[in-house]
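Taking it in order: structure first as structure tokens, then the write-up.
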Amino acid sequence: MDDFVGPPQCTLLPLNHGGCPIAGSEVDSDETLNDFLRKRLNLRGTKLMCKVGTCGTCIVAATASDHDGYRRTYSVNSCLLTILQCQDLEITTIEGIGDRQGYHPLQRTLAEYNGTQCGYCSPGWVMNMYSSLESNDYKMTQCEIENSFGSNNCRCTGYRPILDAFKSFASDAPKPKIIDIEDLKKCNKKCDPCDKDWCFIPDRDHEVKTIHLKDDKVWYRVFGVSDIFDIWRHEHESYMLVNGNTGRGILPIPEFPKVLIDISAVEVLKTHYLDQNLVIGAGVTLTSLIDIFKKTSEHYEDFSYLDKVCEHLDLVAHVPVRNIATIGGNLMLKHRDPVFPSDVFLLLEAIGAVITIASIDGTLVATPVDFLLIDMRKKIITNIKIPPLSRHFHFVSFKVMPRSQNAIAEINGAFLYELDSNEKTVKSARIVYGGLSDDFIHASKTETFLVGKDLFQNDTLQGALIILEKEIVAEEIKAMYSPEYRKKAALGIFYKGLLSLTPSKQLNERYASGARDLRKTRPLSKGTEVYDTNPILWPLNEPMPKLEALIQCSGEAKYVDDLQTQPKEVYCAFVTAKIFSGEFENVDPSPALILPGVIAFYSAKDIPGTNSFISETVTSYQREILLSDGKITFYDQPIGIIVAETEALAARAAELVKVTYTKAQRKPLLDIRDVMTEDPSRITLFLALPAREPPGADIDKVIKGTEDIFWQYHYTMETQSCVTRPNEDGIDVFPSSQFLDMSHLVVANVLNIEQSRVNVVIPRCGGAYGSKISRSGLIATACSLVTYLLNRPCRFIMDFQANMRIIGKRTPSHFEYEVAVSSDGEIQYLNYNIYDDLGYKQGDFIGFLLVSAMRNCYNNRRWNCNIYYAFTDTTPNTYARSPGSLEAIAMTEHVFERISYELDMDPIEVRSKNLKKEEKEIYQVLETLIKDSEYYKRKEEVEKFNKKNRWIKRGFRIATMSWPGPPMVDFHISLSVYHGDGSVIVKHGGIELGQGINTKVTQAIAFVFKIPISKIKCRPCESSSIPNNFTTAASRTTQSVGFGAIKCCQIILDRLSAVRVDGVEDPTWEQLIQAAYQQGVNLQASYHVTTADQEAHRSVGAAAAEVELDILTGESQILRVDIVEDVGTSLNPEIDVGQIEGAFVMGLGYWTSEEIKFNKDTGEIQNDLATSYHIPLAKDIPIDFRIKLLRNHNEIGTLGSRCVAEPAICLSVCVAFALKAAILSSREESGFPRNQWFKNDGPYTLEANVMHSEAKVEEFLYK
């Protein structure tokens, strides 16, 4: 695209929703496209969360001319691109494709499929799909669509409805959406033309563009390699070559160097051609590289092996990153950090590629390994030469990663074997690894051993494995699995590679499954949902999307950070402690304060009121320090606040504050096991619940054991956020919070002002899961303090890293049990001790929530239960989805799993023997699950499969649940009817978190009033009109608020009962309301819902999961999940299904891939980026996901409903049980007793799966 002629030192950013904004000398070097869109242009539809290109909330579409001159549209992460990189890009944001003036079909379809809950991630999903369709000329298969979303995270929905929505646009969809392609391509927005004072002209002879930036950096845009050399000749400052700039998602750059050279316009770096080799420019993107490799492999036999290289490249990062990431940039990441397991480097080294490097002094050619040893200062990679390989070369590669997509390899390997004409004897071998250590790349001794050997003989295989095991060097690497696991997995993928090459006649068919790569062979997923609905009751019980769905899909729904930027607005960041225990002696903020744009530093002494973000006036809460006044109790505890003109500057300045400490001379106690061993005095008994019956006498076996489960980061797509503004007599506070009353109280307390001067408004939350009940007070008070002291608007949006380090997680639990059982599995007694890790002090204590959950659905009259709490050297832990209930139900289910193995009994039989007979619903749920899941048939099929397959094992297990819904309610509801048209406004004390509270409340009101839903609107919760509410939590708020809304309706209907409309026998709603108004009837009603209005009840359910596990790598996939849950009379079955799926998938992450890794010497969290904390993605969910809702009218629930939002997460433990079953099947073949139990602490990660399987290298055979 041609440049715009404009003021000097500027870059223009054409936006297809109108206008041509200018960026140049007024921006900092680190100002991203996302910053520019959101903060300068106030285009807030594009969101932001992780800042490393992992979460997908920031995705926009970019259009530009490719190397061949064709216009191409593709997705990009706006958080990775700096605004200065956007020269020649036409950017389309979510605002550009549709809004209430006309929604795009993608937006409408995602909403119709119930593909949005909290909605924060929805614009990113839409823009990725839009870009993919544009890029592929609107011709994509279902598999291609499903594979294209490794870039997008969603914590709410469980992904299935999103995938279903977008797969409906596939060319091979069973019932493709009948939408004209032109309608899909058409933008519904009317765009303003560019300013008439601007015009297009060609680049001025490709002159080097120089921009002196606001932060004293210099930006060069060059067009030839010689331009780079010219800059190097006269610039002697530190520099950085910039192209895709995606590397900072892997290796963050705290501050850019003085000189930045944009090489994206250097055409010679983007070329490719074929001579003897395939020559690829270093500036070719990974997306283009895949396309080039595919086309070359199809047309040239000697390059046919590149098809397999493409399969591996498809696992690198994700589509938006690959669209701008370049080969050269990826290689330079590896050069900068040799530990980085670069897949590009691995593949190039394995196939024998060479790298061309240019400098002022000339060029040189090096292998990838030699390239790592070259001093690359003032040198640039220009191209890579890919060699042709004859049919006697055999290539295979593997990337072992903790989830299906978008993850750095824990271990990767690529293997190239050259065989002689008999296709048996090895002529040469290249065995290349990544992820083991910084310098172990080639298994050279093993390569040498194999030469001249028959590759497909057991002796050769075992000999190679012995040598390989000795020569592998695996070292500790931050945030990665243990060296022991990575070494074992390295041996496993070497074996897998050979299995994949072995002729079938030379291979025992039981070993053949070991060749499968689960990451590359996953089939298309599908899902079903079964429920009853009664149209007579509609809109009550009507399956319908959330009322906010469309505005969420269009980016029109406003979250806290979407409030428009105000004049003089400031940003802040916490200064945190870098020790886990001790005291700080001195804090010197001067190195930060001297930076231009840094405004202030505040500490505890600057707080005018109470130094606490928790109000003790709220029952069961204890005071927690906002800013440390000297004592340090956990690593990254906030000790001060830096205030600056930009968010990035505040974060950078916070790291410059100098703090001196007196440090405790011991190691941190990070979990309950540490406390038990090192300092038992930190453990306190909270509650003892003795058995109500004496032990039974029919004791066949006594079983003892322990289990440990750990933290889970909430991973809300909207991090902890708050915006505060001075008002005429106090302060306006806009927190992202579940608890308006707590926010209101603590801001007033910290500022030492009356609550009447604090106005709190909560628009909605972009996900919460318990993290924004009390923890949101930390950010709200800090942000309010800054506004109060400076009298300026303040915006405090916690970045992902700080959010993960400072905010508490799911409460870890330690479980001890002794259970005596009869021969038929009936419990005779159970001694049950559960310990909760509170962190350094009691924050959100889950002990009282354990009490009713521990029994689950079983007869617990012979159970002795003790609940303890323990204090560790970590941040106070907090509520997380189904707090206490998940921990207790999971631990109880573990006991029944253990019994079933010890007695060699079916797990359903054991559970059935101990069910609480009064709880009839659980019997119906189990019967339905057994029938619908084909339980006994599939159990036999799994056993047969495992007998036939040694290296892929299957597990099939169940879990049951009776989830207690506590009546913790205290909510105000206000309902007003407008006399002009009879429309209704309702305000209530609940917060919309994505659970559909506003939709269900609206359905209830429409049902009672018998009016259309379109006449009813819910407004955000605010302290001035709806104060003193309890927190939105425990899955009871929707029921409670719905109850209160119905009461308001009944109050108004009682008043209307005496109203008569003159001359009209059967008046319309509008006529009746107008008449009531004219007769002086009060059309406003309010109701206060308390515990007197709501009774405790339970939600029951059961689930069955079938998994497939690769014993050699630890990777797994979930073949099928069946969930049956009794939801009572659902107010909205579509929303309830979405809640169940989302909760289950969140639990799936907890039991498989989500793990917090601490430095055991310092207490610092090591995996604090979205790239290293792995929630499930779209291709991690069950391949076959089946949900069935049972309808047993709940007499004590609002309109017959039951709690839905949280319970299903408790059923996800069945996946852990299924993985354990698969591991036990493998262990049996390795010589362990069939039913020998093993203890696994925490999730069933890759490492846990491999190390517990304990397969021996001697078992790695062909026959």
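Any Cβ shown, glycine's included, is placed from N, Cα and C.
Quick look at what TrEMBL lists:
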| type | residues | note |
| --- | --- | --- |
| DOMAIN | 11-97 | domain '2Fe-2S ferredoxin-type' |
| BINDING | Cys50, Cys55, Cys58, Cys79 | [2Fe-2S] cluster 1 binding site |
| BINDING | Cys118, Cys121, Cys154, Cys156 | [2Fe-2S] cluster 2 binding site |
| DOMAIN | 212-391 | domain 'FAD-binding PCMH-type' |
| BINDING | Lys399 | FAD binding site |
| BINDING | Gln738, Arg881, Ala1034 | Mo-molybdopterin binding site |
| ACT_SITE | Glu1206 | active site, proton acceptor |
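TrEMBL feature annotations superimposed on the structure.
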residue : record                          : Cβ within 10 Å
Cys58   : [2Fe-2S] cluster 1 binding site : 27
Cys79   : [2Fe-2S] cluster 1 binding site : 25
Cys118  : [2Fe-2S] cluster 2 binding site : 29
Cys121  : [2Fe-2S] cluster 2 binding site : 28
Cys154  : [2Fe-2S] cluster 2 binding site : 30
Cys156  : [2Fe-2S] cluster 2 binding site : 29
Gln738  : Mo-molybdopterin binding site   : 27
Arg881  : Mo-molybdopterin binding site   : 27
Ala1034 : Mo-molybdopterin binding site   : 25
Glu1206 : active site, proton acceptor    : 26
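Proximity note: of the listed binding-site residues (Cys50, Cys55, Lys399, Gln738, Arg881), Cys55 have a CA within 10 Å of the CA of Cys154 ([2Fe-2S] cluster 2 binding site), given in sequence order. Summed and averaged per residue, pLDDT over the domain 'FAD-binding PCMH-type' (212-391) gives 96. Taking Cα separation as the measure, the residue listed as 'FAD binding site' is nearest to Cys55 of the binding-site residues Cys55, Cys58, Cys118, Gln738, Ala1034. The subset of binding-site residues (Cys50, Cys58, Cys79, Cys118, Cys121, Cys156) lying with their Cα within 10 Å of the Cα of Arg881 (Mo-molybdopterin binding site) is empty, i.e. none. Cα-Cα distance from Ala1034 (Mo-molybdopterin binding site) to Cys55 ([2Fe-2S] cluster 1 binding site): 27 Å (rounded to the nearest whole number). Here Cys50 ([2Fe-2S] cluster 1 binding site) is positioned 17 angstrom away from Cys156 ([2Fe-2S] cluster 2 binding site), judged by their C-alpha atoms.
Among the recorded positions Cys121, Gln738, Glu1206, the ones whose Cα sits within 10 Å of the Cα of Cys55 ([2Fe-2S] cluster 1 binding site) are Cys121. Ranked by Cβ neighbours within 10 A across all protein chains shown, the binding-site residues Cys50, Cys55 are led by Cys55. Secondary structure by DSSP for the domain '2Fe-2S ferredoxin-type' (11-97): 15 helix, 25 strand, 47 coil. The Cβ centroid of Cys50, Cys55, Cys58, Cys79 marks the [2Fe-2S] cluster 1 site; residues of that chain outside this set whose Cβ lies within 8 Å of it are Asn34, Lys47, Leu48, Met49, Lys51, Val52, Gly53, Thr54, Gly56, Thr57, Asn77, Ala1170, given in sequence order.
A separation of roughly 13 Å, to the nearest angstrom, links the Cα atoms of Gln738 (Mo-molybdopterin binding site) and Cys118 ([2Fe-2S] cluster 2 binding site). Cα of Cys79 ([2Fe-2S] cluster 1 binding site) to Cα of Cys118 ([2Fe-2S] cluster 2 binding site): a span of 21 Å. Cys121 ([2Fe-2S] cluster 2 binding site) and Cys50 ([2Fe-2S] cluster 1 binding site) are 12 Å apart (CA-CA, integer value). Same-chain neighbours of the Mo-molybdopterin site beyond Gln738, Arg881, Ala1034, judged by a C-beta within 8 angstroms of the site's C-beta center, are, in sequence order, Ala768, Tyr769, Gly770, Ile773, Tyr879, Pro883, Leu993, Thr1031, Thr1032, Ala1033, Ser1035, Ala1205, Glu1206.
If you take the Cα of Cys118 ([2Fe-2S] cluster 2 binding site) and the Cα of Cys58 ([2Fe-2S] cluster 1 binding site), they are about 16 angstrom apart, rounded to a whole number. For the Mo-molybdopterin site, whose annotated binding residues are Gln738, Arg881, Ala1034, the maximal Cα to Cα separation is 13 Å. One way to see the shell of the [2Fe-2S] cluster 2 site is to take the Cβ centroid of Cys118, Cys121, Cys154, Cys156; the remaining same-chain residues with a Cβ within 8 Å of it are Thr116, Gln117, Gly119, Tyr120, Ser122, Asn153, Arg155, Thr157, Met717, Gly766, Gly767, Gly994, Gly1142.
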